[in-house]
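Annotated features, as they stand in Swiss-Prot:
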type	residues	note
TRANSMEM	30-50	transmembrane segment
TRANSMEM	72-92	transmembrane segment
TRANSMEM	99-119	transmembrane segment
TRANSMEM	139-159	transmembrane segment
TRANSMEM	170-190	transmembrane segment
TRANSMEM	201-221	transmembrane segment
TRANSMEM	238-258	transmembrane segment
TRANSMEM	264-286	transmembrane segment
TRANSMEM	345-365	transmembrane segment
Amino acid sequence: MLYYLLKYINDAFDPPGLGVIEFLTFRASAAAVTSLLICLVAGPAFIKYLKGRIIEPVKEEAPPEHRKKKELPTMGGIMIIFAIEVSVFLWARFDDPHVWLIMVAVFWMGVIGFLDDYMKVVLKVKGGLPPRYKLIGQVLLGLFIGLYTWFDPAFSVLLSTTTVPFFKNLTIDYGIFYIPVVIFIITAVSNAVNLTDGLDGLASGSSAIVVFALGGFAYLAGNAVYASYLKIPFIPGGGEIAVVSMAIVMACVGFLWFNSNPAEIIMGDTGSLALGSAIAVIALLIKQELLLPVLAGIFFLETLSVSLQVLYFKYTKMRFGQGRRIFLMAPLHHHFQLKGWAEQKIVIRFWIVTVLFFLASLMTLKLR
């Protein structure tokens, strides 16, 4: 909205310096600063309101160190989503469908996560929203994104085609499997971020790094010259995704101000599902979804640890009559907790690994 107002003033009166509103880098920076300030200013009052009202339930089987979090307010994802939506509303162009598709994803999965948190902490329903209803919400979002991009002419250039990391001219056409692939990626990534949200600052910090990288890819993909030079798909108008990405990044950083150890608030499923869906949709829109196992490798490893733990336990129980475990506890961050690693050390090391995955993903731009 502020973009359109300033653009009107610039076109009508041509004041010196206001033409900067047309630059993606300026609006991305403005969205980032706005998002950060919203979190920093609103955070203390929001946390004060939630304290004593919305308290995160802690599982009995959680590591001893983790049980200390039982007095922490949750649903901090509301603050993240609010900061993102307001910043994007102010600085992004809404004639670009990429923008509001991401916003729909963030809002929709935020609502699903909110229902889950609300049922757990307010209604005291054990387990919160039943998994099948979460899955239905994720499938519906994937179906909407898939169908919209399939039928909207704005996406007809590439449509169901995507690129393969490390290969210059290799592409894959999903064909009739495009929509199922979209559903799978949105479901998998949103659940992966949700699983990672177990330690102070882990999900918010890791998400900020991943989305920052995706925003960089989006900026390059939205520029025909850069896209041609780097052999990545040119996404007409896709540069607007960079504006949205920076709003998401700094909302995570602003939230991290209060979520870093010792945390004052937890994002809950409200935030983790919303962030996961944003990562998935951005990657899909810029045709970099096959890069996610590298770029979002920490989320992939967390999910893999849970899958391996469950499958191995079931196999050994069937084979030997007693279930055995690969890890002391899954997801992976709890394994290291039980090995005696300090929470801050786990989080910082996971951030470092995420940065390394980020650098590896950048290498794919030239190693083709």
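Just so you know, glycine gets a Cβ as well, placed from its N, Cα and C.
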Report task. Decide whether the stretches the transmembrane segment (30-50) and the transmembrane segment (238-258) have at least 3 CB pairs under 8 angstroms, with pairs required to be 6 or more apart in sequence. Result -> yes
Query - Recorded stretch that, among 170-190, 264-286, 345-365, has the most CB pairs under 8 Å to the transmembrane segment (99-119) - result: 264-286
Query - Most Cβ pairs under 8 Å with the transmembrane segment (170-190), selected from 139-159, 238-258, 264-286 - result: 139-159
Query raised in the report: To the transmembrane segment (345-365), which of 139-159, 201-221, 238-258 is linked by the most Cβ pairs under 8 Å?
Result: 201-221
